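Annotation comment: TrEMBL describes 64-73 as compositional bias 'Acidic residues'. Annotation comment: TrEMBL describes 108-191 as domain 'RRM'. Residues or ranges marked as region 'Disordered' in TrEMBL: 48-73.
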Amino acid sequence: DVFEQPQHVGHKKIEFHISTEIPAALQRNSEKEEKNDLCATTEEINNTGFGRIFPAPSSNDKMETEEEDDEIPSEFISRKDLEKNRLSREEMEKYSVFRNYEPGDPNCRIYVKNLAKQVQEKDLKFIFGRYVDFESEVERNMFDIRLMKEGRMKGQAFVGLPNEKAAAKALKEANGYVLYEKPMVVQFARSARPKQDTNEGKRKK
């Protein structure tokens, strides 16, 4: 009874609507299926794409960090900036730290003192990296910075350079350079003797 009543009201119209809706619905379904197929194929493509892309960024990240490590020392200070921020001999004489200044015996290791609290290894790398050829693995390995931040040695650093020539040039150009409003005192390090003394001191103890 329930089904017959609407048919009596206008069964023809309803029949027409049903007959027209069925193919439309079928068409829609078929379109949906096609779209689903398309989505599936695009998803498959995307999935394969993402599958390939995901490992790539991680390797890129590694590459970037490696490149950054190489780039930090290669972007060193220019000679102009060194000269511009370096004290003249007359100015050096006014500072007590330069009064009894002696460069010391030439060797490939330099000693830097009178460093400001803010100074970090990267600052020293920025200055002394210009004396190192970073394309040479030997020179890269020879370049070594030890910055003391605690105890009696605070404000001092040891910089290992590839050879005496590089160390002499660094000493000549960087001595008196004002870093964080404090002039650096650069000398040749007396590396061999103090090490022996400390070893002997340890043995005695």
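Note that Cβ sites are derived from N, Cα and C of the backbone, with glycine treated the same way.
For the domain 'RRM' (108-191), DSSP puts the residue distribution at 31 helix, 24 strand, 29 coil. Per-residue confidence over the domain 'RRM' (108-191) averages 95 (mean pLDDT, predicted model).
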